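Notes follow once the structure below has been shown.
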C-alpha cells in the first residue's frame, strides 16, 4: 500500500511505516522508553530525509509517552515541581538545539555530529545497562543480592547555589542541576529526534539521586512536553514535520505500546533490561560502522 | 536599400528551413498531479517526423528524447576519512543542477552524435552543464558530478535509456520514460531531437507541469504558510492518538 508523503516528497509503503512504528511502540511499552533512538535511524535507513525523520519522530515519541504519563499521574509518581524545572530546561535546550542545528548545517557537519552523538550516547548507556543487567542476572541465578547503591546526589550538584525542596523526589538541591539536565536532553531531542529518556533516567538516578519511584513518571512527563515543544519548533523553523508520516508512525506505535506494556508484565524485568541493552548497543554499533568503516553515502546534496 | 534586400531574402531563407524535416511531438500527460497514491508516472513521448514532400532519407534518422525537471542550485559535500572518522571534508556548489533528467534514444548516444554535439544539447547525464559556482579544480568537479549522477541515478531521478526509442516506418516514434515518485513540483520540459549524420536537424519542445493536488497540495501549503497551526495539529494528533489508545486498551 503506497502512500505519498507530502513533506518528505516521496512515496512509502504505509504498512512498512506502520510496522516500524509498531515495533518501536512495542519496545517503548516494554521498556518504558520513547523509542526515538530507533525511529530516526530506521526512517533514515528507509530513505526518508534526515531532517524530516528527526522532526516527525519527535511527535511519535509524544504519542508513545501520553498514556504512560496519565498512568503515572494517577499513581502519584510524577514530581511536578521537578518536572516543571526539567521542562523549562528542555524548552530552552530545544531552542538552543535549533541554533546548533543551523550552525552545523552551515558547516556541513550535521550528519557527522548526529552520528557521533548517537554512538557516544547509545554506546555509553548501552554498556552501562548491559553491565548492570548482567550483574542483576547473575545475582538472580546465584541467589545473591546485589548491594543497593547508596542514593546520593553527585558532589557537583551539591555545590550549586540556591536550594529548593522537591518532596516527591526526596531531594533538597539547587534547581540549576535539573535545569541543566533538561537543557541537555532538549538539545538532544532537537538534534536527534529522541525523547532523551535514556539520558534522563540514569542522570536523575545517579547524578541527582532521585527516588526510584518517581524517576520514570517524571522523566516521561518531561519527555511529553519537550517533544511537543520540539515538534512545534521543527514546524516553525525547519518545516520538516510530515503529518502523514507522523500519523502512520503513531498508528503503529500507540498500538504497539499497549501490547508492549502487557507483554512487559509477563517477562522478568532482568531479562528485559538485557534485551534493551543489546538493542541499544546494536544501533550504536550500526552508527559506529557508518562513521569509522564506511558511510552509507560519500556524497550528499543539499539545496542552496 | 541593403536592408530591404535582406528582407526580401527572408522568405527564401524560410523556404530553406521548410525543406528541413520537422518534428510534431506530444506527451501522454501534460499535467501530472501528485496525489496520495502517487508512486511515479510512466510518460509516453511520441510524435511524427515530417519530411519535406514526404520523402524519407535513405539512411534512417535517429531520435533522442530528453525529459528535464526544474533546475536547482545545490551544494554537494564529500565525506573523507579524517582521523579515523568519515566527515564532510570537501564541497562544491552548482548553480544549475537539474532536479530530474531522463533521456531515451533510438541507438546508443555515442553512435548517434559526437562528444561535442552531445555536450551542446546536454545529451546524457555526464554531459549536463551544472555551472559550478565554487572554485574547485576540474578533476574535483568531475568527481562531484559523478557523485551527483550516481546518487540521482539510484533514486531514479536521473535515467538513461539508450536504444529504447522505437521508430516505425521511419516517421513515427515513441519512447517511454519513468518519472520517479521523488520528483519535485514545477515546470518540466520534454525535448525531442532529430539527428541525422551526427547533426541535430530538428528539435521541438513540449512543456509538462508537475504539481501537488488536493490533500497533498493543502499539506505542503499548510506546513509552509500556517506553520504554527500545522505544528499544533501535529501535537494534538500525537496526544489524541496516544490518549485514545490508552483509553481503549484499559477497556479491553
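Positions of Cβ are set from backbone N, Cα and C atoms, glycine also.
What you are looking at is a predicted structure, and each value in this text was computed from that prediction instead of being measured.
Quick look at what TrEMBL annotates:
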type: TRANSMEM; residues: A:12-38; note: transmembrane segment
type: TRANSMEM; residues: A:44-70; note: transmembrane segment
type: TRANSMEM; residues: A:82-104; note: transmembrane segment
type: TRANSMEM; residues: A:110-130; note: transmembrane segment
type: TRANSMEM; residues: A:171-199; note: transmembrane segment
type: TRANSMEM; residues: A:205-228; note: transmembrane segment
type: TRANSMEM; residues: A:240-259; note: transmembrane segment
type: TRANSMEM; residues: A:271-289; note: transmembrane segment
Most Cβ pairs under 8 Å to the transmembrane segment (A:12-38), of A:82-104, A:110-130, A:205-228, A:271-289, goes to A:271-289
If you count CB pairs under 8 A between the transmembrane segment (A:110-130) and each of A:44-70, A:82-104, A:171-199, A:205-228, A:271-289, the winner is A:271-289
Other same-chain positions with a Cβ less than 8 Å from the transmembrane segment (A:205-228) and lying at least 6 residues past its termini are 32, 34, 36, 58-59, 61-62, 65-66, 68-69, 72-73, 75, 77-80, 82-83, 86-87, 90-91, 93-94, 149, 151-154, 157, 166, 168-171, 173, 177-178, 181-182, 185-186, 189, 195-197
Per the Cβ filter (under 8 Å) with a sequence gap of at least 6 from its ends, the transmembrane segment (A:271-289) is approached by 27, 30-31, 33, 37-38, 41, 115, 118-119, 122-123, 125-127, 129-130, 132-134, 136-137, 198, 264
**Asked** Under 8 Å, at least three CB pairs between the transmembrane segment (A:240-259) and the transmembrane segment (A:44-70) (pairs 6 or more apart)?
**Response** yes
Long-range Cβ contacts under 8 Å made by the transmembrane segment (A:44-70), restricted to residues 6 or more beyond its ends, are 5, 7-8, 10, 12, 16-17, 20-21, 24-25, 28-29, 32, 34-36, 78, 110-111, 114, 189, 191-195, 217, 220-221, 223-224, 227-228, 230-231, 234-235, 238, 240-242, 245-246, 249-250, 253-254, 257-258
